[in-house]
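Asks: First the structure, which I've put down as structure tokens, then a few questions once you've had a look.
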Number of protein chains: 2
Amino acid sequence: MSPLKLRDPDAIHCHLRDVERLLSRQRLIENLVQRQPMPQHQLVEHITHRQNLARLRRKLEQLHAADIACILEALPLADRHVVWDLVRADQDGDILLEVSDAVRETLIGTMDADELRAAAKRLDADELADLAPDLPPEVMREVLEALDQEEREHVRAAMSYPEGTVGALMDFDLVQVREDVSLEVVLRYLRRFDALPDHTDKLFVVDRQAHLRGVLTLEALLINDPEVTVATVMQQKTVLSFAPEDAADGAANLFERYDLVSVPVIDSEQRVIGRLTVADVVDYLRETSEAEILNQAGLREEEDIFAPILQSLKNRWAWLAINLVTAFIASRVIGLFEGTIEKLVALAALMPIVAGIGGNAGNQTITMIVRAIAMGQVQPTALWRLLRKELGVALINGIIWGNVIGLLAWWLYDNLKLGLVMVAAMTLNLLLAATAGVTIPLIRQRFGRDPALGGSVLITALTDAGGFLIFLGLATLVLL
Amino acid sequence: MSPLKLRDPDAIHCHLRDVERLLSRQRLIENLVQRQPMPQHQLVEHITHRQNLARLRRKLEQLHAADIACILEALPLADRHVVWDLVRADQDGDILLEVSDAVRETLIGTMDADELRAAAKRLDADELADLAPDLPPEVMREVLEALDQEEREHVRAAMSYPEGTVGALMDFDLVQVREDVSLEVVLRYLRRFDALPDHTDKLFVVDRQAHLRGVLTLEALLINDPEVTVATVMQQKTVLSFAPEDAADGAANLFERYDLVSVPVIDSEQRVIGRLTVADVVDYLRETSEAEILNQAGLREEEDIFAPILQSLKNRWAWLAINLVTAFIASRVIGLFEGTIEKLVALAALMPIVAGIGGNAGNQTITMIVRAIAMGQVQPTALWRLLRKELGVALINGIIWGNVIGLLAWWLYDNLKLGLVMVAAMTLNLLLAATAGVTIPLIRQRFGRDPALGGSVLITALTDAGGFLIFLGLATLVLL
């Protein structure tokens, strides 16, 4: 036996290297075919060409859908289409689910209605609901019509919950048992399955009306005497369940806090309607943390790194435009003091330091507060305590770093007053940064908004314009 | 039955509100006791005081260790110590494992050697290894001496692997079976357990020398005829396993890509030595993505929001100092052109726009490249293709946004040449940003370094100093 090991360096890169090797050989062959028009050569190359494609196809057949998705994302468009054409049709649906939105678009663009229908038909209801927004409406309608009544309801249900709720993440793969039977009966019942749903760590115990009565963990099923009834060993008191309209963030927090694998989702009458698994939650967490990092850098969404230039521009322009507006405002603040700068040009050289350090410190504060809010550690009432602390930090930082830079300015320009203005301006801008860093997220939270959204832009804009205003204003008052 | 539901708003805040209510009543009572020195009153208050504490203790007893950890992190120091004193001693160890490093320090600081020893003794080997760095060495020595030979080996093994490896995350809770027995025998064997290890979704099939032969999923155990042997239904061909020295990042990627719950960890001779579970991986992912977000904002580590000011300063000073140095360099670049600015003071107002937009675009590029590298989508050979694309994006952005700002500058200062310098400087700085955004992470990757580390600081420093240099340099050449 040779178990698949991580130390195989290609496993972690989803076997990308093998595929790239076959693809580059493919390109080489195609170049030869084009350059050598002699018929006998053509024939030979044609065979090599087909042999190589067959080898690539065999390689792809051995791979997990998630690996193929990872390969497709890493390939430039031309190669991506070669690989996509070679993938077994019965894997199409799974792969479409795994790739990023941007790459999914490029793949669906190459498929005709028949292929899309075939791919969609192989998916579960919750998966189909995920894919639905990207499918042409007429394909989706036909696929829905081909489903049975119950499945169609499931798809409709899954699509009816907005993004960011438990309902949008849940699946419908349930194993339900009654509480009055013995474990032996449950064991016999399970042997009639060809497979259990992924991530089955517990069975849901329901009554005849599908009301949740408790959960039977596989552990309880396995370690207890088969003669006892489900009711004796099921968990009942501390069963965690979600409603489909619950926030996915909250659910993810609980999965992480209690190390959960699967949780039942129930309706308002305690009837089990679905199930949330750790796999859904991990994907969700990865996506939201990605989104957070991307947004912080001013990207709207994950980018297909091989996307055409126009698409990249679309992904990035909004943020650049906002940044230009705030930079322009800051520039106009400087404009107000052109008379002052004309008289003492050293101010122009020193002012970016004041603005920069304020933005930096403000971002430290706001990041810390936003993280603490996200983890439920901050009540809106904590405002004053946190503000007092952050102002203390800002004051000490202002005095220490302000003096360092103030001394440098004094020494460079041989102007003591300029140095003192520098110390005062840096301290005041740091105090402004701390105030904004604490109040912006807490006020947003109090009004029920996302405390993180756009905080970094806002605080940088404030400390830039504010820094210039404070520094040049003080300079005008003191130095002229 | 009333299953615990997420809609209980307090569940998601780890029941913080209940505890805070009891604590504030506690503070009220203590205030009364202090203000009213009459003996009969004191007695009454003393009783109320104790009743309230007892209520708080009962509330805490009902909570999961992870909930108490979350509450402790959300409380200011004085309240934190009140709650920590009330927690049942047998939960101490689990809670210490759950809280953040900063909060763990404050809790351990209040415990004496006996309490620490008692808490540590209740932990598993892998948990003890996690806690070890924070325990006083003499406590750790005594705890190790009290362990049996095998457990001591486990602790030593877990401590010997550096952070960021599979070995540092794995646990030692294994259920192993032989391949030549029937499933019935396995079922009988499991009934002798009081509990299965957390996240047991598969049993490890080993030979007499503990070599991994395959894995038996609980699913296979449950759906197959109990008469068949383990060998018939175990997975053998595609068993994924890790070595303890494998990188945790890679392992986490595979957990996510294949939706894994547990994976065996084997030594160089294929002997099973431990197990990695999805719970460890989720914690690891959360921690590293936290760290990434914190580092991006210039915080060294997660901060206890109620930490004393001095500790916060320590967490933040390094980044502020680096920022000051780069800001100072940029300031000196401006200093070179003081003569130019003196003659045309409008330059002082416009120059931050050039620098700012460059930093912004550079951060977009570097973030995208770093994410793509982390997901294994970028080979170092992709340098030229990516560079060409990013330069294209930068050129178009420069022409569009440069012209917008250039026109504004022309209109504001009635100086066409100034407008043209603005367009040229913005385009050039965006090209610089794109070049640096692609090359910095790819070069770091080629030399085996972390492509993400410090990239944002470096690129902002480059586009600030570079932007001032390009803009003021062009202005000196063209306008004077």
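Glycine too: its Cβ is placed from the backbone N, Cα and C atoms.
Reproduced below are the annotations present in TrEMBL:
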- B:234-292: domain 'CBS' (DOMAIN)
- B:317-337: transmembrane segment (TRANSMEM)
- B:344-362: transmembrane segment (TRANSMEM)
- B:394-413: transmembrane segment (TRANSMEM)
- B:419-443: transmembrane segment (TRANSMEM)
- B:455-479: transmembrane segment (TRANSMEM)
Asks: Using DSSP, what is the helix/strand/coil residue split across the domain 'CBS' (B:234-292)?
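Replies: Helix (H, G, I), strand (E, B), coil: 26 helix, 17 strand, 16 coil.
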Asks: What parts of the chain pack near the transmembrane segment (B:394-413), using Cβ distances under 8 Å and only residues at least 6 beyond its ends?
Replies: 346, 350, 353, 357, 361, 419-420, 422-431, 433-434
Asks: Which sequence-distant residues neighbour the transmembrane segment (B:455-479)? Criterion: at least 6 residues beyond either end, Cβ under 8 Å.
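Replies: Beyond its ends, the transmembrane segment (B:455-479) has Cβ neighbours at 296, 319, 322-323, 326-327, 329-330, 333-334, 336-337, 340-341, 344, 347, 350-351, 354-356, 358-359, 361-363, 366-367, 370, 417-418, 420-422, 424-425, 428-429, 432-433, 436-437, 440-441, 444.
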Asks: Return the average pLDDT for the domain 'CBS' (B:234-292) as a whole number.
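Replies: Mean pLDDT, the domain 'CBS' (B:234-292): 88.
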